[in-house]
Amino acid sequence: MKSLLADLFKQTLPNEEEFDAITIGLASPDKIRSWSYGEVKKPETINYRTFKPERDGLFCAKIFGPVKDYECLCGKYKRLKHRGVICEKCGVEVTLSKVRRERMGHIELASPVAHIWFLKSLPSRLGMVLDMTLRDIERVLYFEAFVVVEPGMTPLNRAQLLTEDDYLAKVEEYGDDFDAVMGAEGIRELLRTLDVNQEIERLRSDLETTGSEAKIKKFSKRLKVLEAFQQSGIKPEWMILEVLPVLPPDLRPLVPLDGGRFATSDLNDLYRRVINRNNRLKRLLELKAPDIIVRNEKRMLQESVDSLLDNGRRGKAMTGANKRPLKSLADMIKGKGGRFRQNLLGKRVDYSGRSVITVGPQLKLHQCGLPKLMALELFKPFIFNKLELMGLATTIKQAKKMVESQEPVVWDILEDVIREHPVMLNRAPTLHRLGIQAFEPVLIEGKAIQLHPLVCVAFNADFDGDQMAVHVPLSLEAQMEARTLMLASNNVLSPANGDPIIVPSQDIVLGLYYATREGVNVPGEGMLFTDVGEVKRAYESGQISLHARVTVRLKEFDRGPEGERIERVVRHNTTAGRAILSEILPAGLPFSVIDKPLKKKEISKLINASFRRCGLRATVIFADQLMQYGYRLATRAGISIAVKDMLVPDLKEDLIRAAEAEVKEIAQQYTSGLVTDGERYNKVVDIWGRCGDQVAKAMMEQLGQEPVVDRNGNTVKQEAFNSIYMMADSGARGSAAQIRQLAGMRGLMAKPDGSIIETPITTNFREGLNVLQYFISTHGARKGLADTALKTANSGYLTRRLVDVTQDLVVIEDDCGTREGFNMKALIEGGEVVEPLRERILGRVCAEDVVNPDTQETAIEAGTLLDEDMVDLIESLGVDEVKVRTPLTCETRYGLCAKCYGRDLGRGAMVNAGEAVGVIAAQSIGEPGTQLTMRTFHVGGAASRAAAASGVEAKSSGTIRFAGNMRYVANAKGEKVVIARSAEVVVADDMGRERERHKLPYGAMLLVDDGAQVKAGAQLASWDPHTRPIVTEYSGTVKFENVEEGVTVAKQIDEVTGLSTLVVIDSKRRSSSGAAKGVRPQVKLLDENGEEVRIAGTDHAVAITFQVGSLITVKDGQQVSVGDILARIPQESAKTRDITGGLPRVAELFEARSPKDAGLLAEYTGTVSFGKDTKGKQRLVITEPDGTVHEFLIPKDKHLMVHDGQVVNKGELIVDGPADPHDILRLQGINELARYIIDEVQDVYRLQGVKINDKHIEVIVRQMLRRVVITDPGDTKFIREEQVERSEVLDENDRIEAEGKLPAQYENVLLGITKASLSTDSFISAASFQETTRVLTEAAIMGKRDELRGLKENVIVGRLIPAGTGLAYHRSRRSQSAGEDLGIEHAWAPIETPAEEQHDISAS
């Protein structure tokens, strides 16, 4: 009825939905009064007897409107006919009661009050404008000091503070020549008399003249705030409130409970306090009360307004009757439960339901089983409509009755209604876009939703009690989108890496694996069959086994040039199971793809091949059939787990005995003093680690093979049909590591702190653990559980930050026309190709022509999307690196172009305009976050540590090349000792392509020559993994300097062995004499004449410094030759392998935190020398080729990677330590930085076996780089050192250059994802992310305008998002508002327009 009336009496309202931007600002007192419908004078709320609102109170009907629709308070006017009448008795306007949700009131404050947000939200805006400290302003506001507002002719300064006594003395002295005030009045006066323009002029000239960095920072901050006031037209004195707006009463309701009590919003309490104090203050002022009383009342008023706006921001929070702090206006909007995140970004939806899920193996991929009762409830309105249409019910009421009594005809209609009406299923947590998919419902009995087994991977669902929610898309458009974009059968590929996500798992894999295995001498071996049908009949009748090797004629279908099917019959020698499986193979795939035991990886490849060759439809049908077949065979196979399947290897005892003997020997060595305790521990851990691996290997060999007698009566080994082995081998369930604990030995365990306990658990679960062993293993298991809980929360928070930083990145045009790109080559690490070139460039667009290295002809033109065929071509050509387009160098402003992004991984084709690639990138990185560890979570806590490598060998045959800056010296024995810090050795194949690359540590022995031919398996270099040597490059006699026992070195006497070594001690631990603090123990070398040996080509003496912890191995006066070891630095004992691993490492990279103890990079290219040392620091000098000299001070305990006379390049590591991403960006540029972040992030994910496309990380890095710092503003509106959006600078520079003026110069700056999200141009998006108060305060002062470009802002204002189908809507809306009436079909036009026109369209 209400809505009907509203329609009848519709005034011609302007269409309020149409707006282009939202601005936020400060409200002037007049503005507040103009919003108000009356002043609230009394603190009363409701009359407790009549329940009617009190007049002039907080719920007054006269101010805020009637309580009941079209009825005044006293009841004189009722009904519609009096609309708009104002009752002369009670003063209430007769209208809809919902105006009580929008009409505001106000309170006239008896004394002005400072707004706490602008006072206390750091940095204090009031303080910045007035150039006073927060402490001073507070002293004035809370009546502890006077402030001089108008010095007059006196020597006092404006804004000077005077205490009470000062003030009285000055009044004595000057009388009323000057004006000083206390409280907010004083501050308001100062703000009112501040001349913003003049202040800006002064600051600008100060900025020009000053030289100090701190002052520049301070001035430019102040300048920014003042300019914001100047531009937005906001007056500074509005930060002081004279009128307080009152929220409409229905937004702070008062609800009567039974028993005469009321439930009320905290705001009412807060307002009541303000009104009480305000009224009391008014009365005191009228009575001319003593100053001290008035002051106290004013201070209390200030405090009550403070807590109304932001309770608890200053002093103690006001509490209600129940001692909990009251919820103020600021608390209403911030945090997870606040307005933004609770109500605007997360709403509950109608037409939805949830239930437990069960498995539905009989469903097709695009179907789900929906319980009848649920469907009935969800589709109710549709059923009512149908009943009326068919004339079975005349009224809605009648239809409702029919549905509720569930008459038979209702079920028929329900069937009809849901036909072809997709529903959306969602499983929380929705970590990526595949967490919501659409299905066609199939009505089923029972109360559980049935889910297709193949989509479980995408939903991460299992059937142990998971629940899922169902949503019904109502409008035709919504149904269409659900069907075309979200239907499960249209989402075969994972958007994170482009691999199929609809892959069989668990039982299906086991069934397929079993069906395609081969057995020796099983019934039917060697038979011949005419076709598959015959094989099937023979199998069904029990004549042959599935695993029998048979010869059979199979039909294969080739795809013709026109896509027609060409049939050919081929004889295959294969197994019966594979032959039967070949029936469901889609046309176009050769039989060879299934002619092997199908393990999980193989099946994934199979589906991928099918998708690329046969298209989506065939693949979906194929996957469904694979599933049916797999389930059927898994059932028939009857594979189960039995205790006797866990075969403990016979070799185990011997292996353990051998290891124990080795450990004993090490202990001997330790007692005789050959190794230190740390080395002994390391070696013991290594021995046990190796022993565990050997036991596991023996176990897998025994499990994986079994002896059988073949047809000729010989005993042969065949792959075992052991249930446990089959499960692990097929990838259905379990892994080698888990079987190892069942039947091998559990191995080493970690202590709570991550260090490894050196006594391993030598038994396994099959044999059983004793008490001590059980106790050792409990720790790891518990830690695993605790970790999981922490991990989920952390991973979710990372995802949230990632989404927030990228949410506004959408593909908006076809091609930005850039020539820039990224040189991609195969990723080689530790000698292995971790990621081949094909995987890195697949689905990208090449930025330059790809040239055939042999003929120098162009093989692939620039701008081509590299699909599978192209990549094959590149591989066959032997091209080493390809330059591809990347989101990092895309020149589109406020978005990305399709060419720079490349293929949409989830669809397998070029990305469409409107694709929200930012959010997809964030989801792809965040979704596997829960699989990452918080630290290192091992299988049941068993320590997995890379046994320290002691050398490298070639994995493939080829030619040796030395890379990096390889330098080595030959020692007395003729061994080559590496003395370069970043030496690498490369093995190249015959075509000169790099096949593997190994880093060599300083001090390694090189065993090959440059250019030598090596065979696979040849040893290239070796070194001691547990110590790092200090090697001399010159020969001579050792002369110690500053090597004094008890001062710089300590004699360590091993308790066990009684042998002594000299150890360099930390300067902090040296004896207190000041002189000894700064000296460094070092070695100089003397030649035969007793002269100091000089560095070749310079007059610097060779001085080799020992760093802290070195064990000095030479004696004073000893003769040394080139390549000899002077000292050893013991490496850290083996902690379980990780530095910061897992999730924290990913977060650290994306937050762009500078690592502690970061390595130092060379700022310039030049020659290194050392200057005079200062206390605790060493002075490093770099001399550029043109003679410019730069000095750096480096703490002495840092390990230098360079030596006197070495030439370094800009960006090279000088001081050892992890790299600082900010330095990389500054010294080596965007590409190097991106490469660093991508490699580091990928390392973490790769360790967990998670595949993520580099593209996604690049998208995030692009967003981290979206701000720049202005170094020289030129003629633009920017200020030096100001941080601005890159696109804004480019727009402004274009404008300025068009006028022929000087553009601004800027440099890139890297922001962490949290910082980047908060510094986005959109204040709505930033406020809904974090630090709501700070963001809104800043935005209000700047008078910011939100252009509503991103997705989040549009969700918040309740619009379609500018992505996907919404992009077209927004485009047409924009162009209409620009005055052209474009139809929707033109809305896509801008995608083809050249780049320069593009900006006008987005700008409009």
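Heads up, the Cβ atoms here are built off N, Cα and C, so glycines get one too.
Here is what Swiss-Prot says about this protein:
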type: BINDING; residues: Cys72, Cys74, Cys87, Cys90; note: Zn(2+) 1 binding site
type: BINDING; residues: Asp462, Asp464, Asp466; note: Mg(2+) binding site
type: BINDING; residues: Cys816, Cys890, Cys897, Cys900; note: Zn(2+) 2 binding site
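This view paints the features noted in Swiss-Prot onto the structure.
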| residue | record | contacts (Cβ under 8 Å, 6+ apart) |
| --- | --- | --- |
| Cys72 | Zn(2+) 1 binding site | Ala61, Pro66, Lys78, Val85, Cys87, Lys89, Cys90, Val92, Glu93, Val94 |
| Cys74 | Zn(2+) 1 binding site | Cys87, Lys89, Cys90, Val92 |
| Asp462 | Mg(2+) binding site | Cys456 |
| Asp466 | Mg(2+) binding site | Val356, Ile357, Arg427 |
| Cys890 | Zn(2+) 2 binding site | Cys816, Thr818, Leu896, Cys897, Cys900, Tyr901, Arg1262 |
Counting Cβ atoms within 10 Å of each Cβ, the densest environment among the binding-site residues Cys87, Cys90, Cys816, Cys897, Cys900 belongs to Cys900
Take the mean position of the Cβ atoms of Asp462, Asp464, Asp466, the recorded Mg(2+) site. Which other residues of that chain put their Cβ within 8 Å of it? Ile357, Ala461, Phe463, Gly465
Cβ-Cβ distance under 8 Å, sequence separation of 6 or more, same chain as Asp464 (Mg(2+) binding site); the residues meeting this, in order, are none
Would you mind pulling the DSSP three-state label for Cys897 (Zn(2+) 2 binding site)? strand
Would you list, in sequence order, the residues of this chain other than Cys72, Cys74, Cys87, Cys90 that have their CB within 8 A of the centroid of the site's CB atoms, where the site is the one recorded for Zn(2+) 1? Ala61, Leu73, Gly75, Lys76, Tyr77, Glu88, Lys89, Gly91, Val92
Would you mind pulling the DSSP three-state label for Asp466 (Mg(2+) binding site)? coil
